[in-house]
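Visitor: This is the structure, below, for whatever I ask next.
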Amino acid sequence: MEACCLLQLPQRLLLLGAAALTATALETADLAELCGQTWQGDGLLLRSHAASRRFYFVAPDTDCGLWVQAAAPGDRIRFQFRFFLVYSLTPAPPALNTSSPAPADPCAPGSYLQFYEGPPGAPRPLGSPLCGLNIPVPVASSGPFLGLRLVTRGRQPRVDFVGEVTSFRLGPCGAYFRCQNGRCIPSSLVCDPWGMDNCGDGSDQGSWSPADCRGPSPVPSQTGSTDAHTSRSLTPSPALGSAGSLWIAAERSSPAGRDPTRQDAALEGSTE
C-alpha cells in the first residue's frame, strides 16, 4: 500500500479576492501555498510544493493558479525551470458522448502546467500546456503579468518542479544591472545566494566584471515562504481556475538518477 501524508489547506478561490504579496528581493515560495494570490517582486525561486525534490505532489483534482507581477512598471517576467516533472500514471477517462477526435495535445488527458499572459482580467494562454519529464524552455511575458495554473487529473498524479522567476526590462537599464545579453535585472538579483541565472546568460553570477561575484555564497534555507519578507494587501483578481479545498498528498520522489516512471510502475504493481 502506498504511504502518503495528507495536509488540508484553507479553502481559496483562485485569484479571486486574493491577497497580493509584494517583495523587494529574492526569496522562495511554494505554488501550493500561493493558490489564488498575486505575487510581486524582483525575483522568486518557486517550487511546486514545500517537499519538492523529496516527495511528489500527488493531490488529485487540483486547480491552482498564481499571478506573478513584475517589480516595476515597464518590467516583464521571465520564468525558467531548474527541474520539471508533471504527469499522471493513468490519464483521465474520456468524456461520455463525445464524437470529436482526440486532442493533439499530449497533456490533455492528464496533469499539466499552463502559463498565461496578463492582464489578470483577460488571461491568454502562453504556449501549450506543459507535462512530462523534460525541462521546458524558458518563457517570458510581453507585459508585467505572468500567470501559472497547475491542474492535476487522472489517477495518481505526480508533480514536482522548481522554477526561477525574474523581473526584467529591455532598453535603458537605469539603476538595474545590465546583462551581457542586453536584459536589465534588479541589482538585488546579482550574485544571489541561490546562484539563479536571472540574466539567462549567467552574467549576473559571473566572477568577472560587471557582476564580480566573490566566491560561493552561503545557500539559505529553501523551506521558508514569502510571509516573512512581504507586505499583504487585498486585491480582487479574476480566476485562472476554481477549486474547493486543496489537499497536499506526499509520496517520496525518486532518487537522483532513477526514472520516476519506472519507480511508479513498480510501486503500482506492488499494491495490486
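Even glycines carry a Cβ here, placed using N, Cα and C.
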Visitor: Tell me, from Cys173, Cys179, Cys213, which cysteine Swiss-Prot puts in a disulphide with Cys191.
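Guide: Of the candidates Cys173, Cys179, Cys213, the one Swiss-Prot pairs with Cys191 is Cys213.
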Visitor: Which one, Cys173, Cys184, Cys199, is listed by Swiss-Prot as the other cysteine in the disulfide with Cys179?
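Guide: Disulfide partner per Swiss-Prot record: Cys199.
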Visitor: Transmembrane segment per Swiss-Prot: which of the ranges 64-80, 81-97, 234-250 is that?
Guide: 234-250
Visitor: What does Swiss-Prot give as the disulfide partner of Cys173, choosing from Cys131, Cys184?
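Guide: Candidates were Cys131, Cys184; Swiss-Prot matches Cys173 with Cys184.
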Visitor: Please work out which residue of Cys173, Cys179, Cys213 has the most C-beta neighbours within 10 angstroms of its C-beta, and give that one of the disulfide-bonded residues.
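Guide: Max Cβ neighbours within 10 Å, all protein chains included: Cys179.
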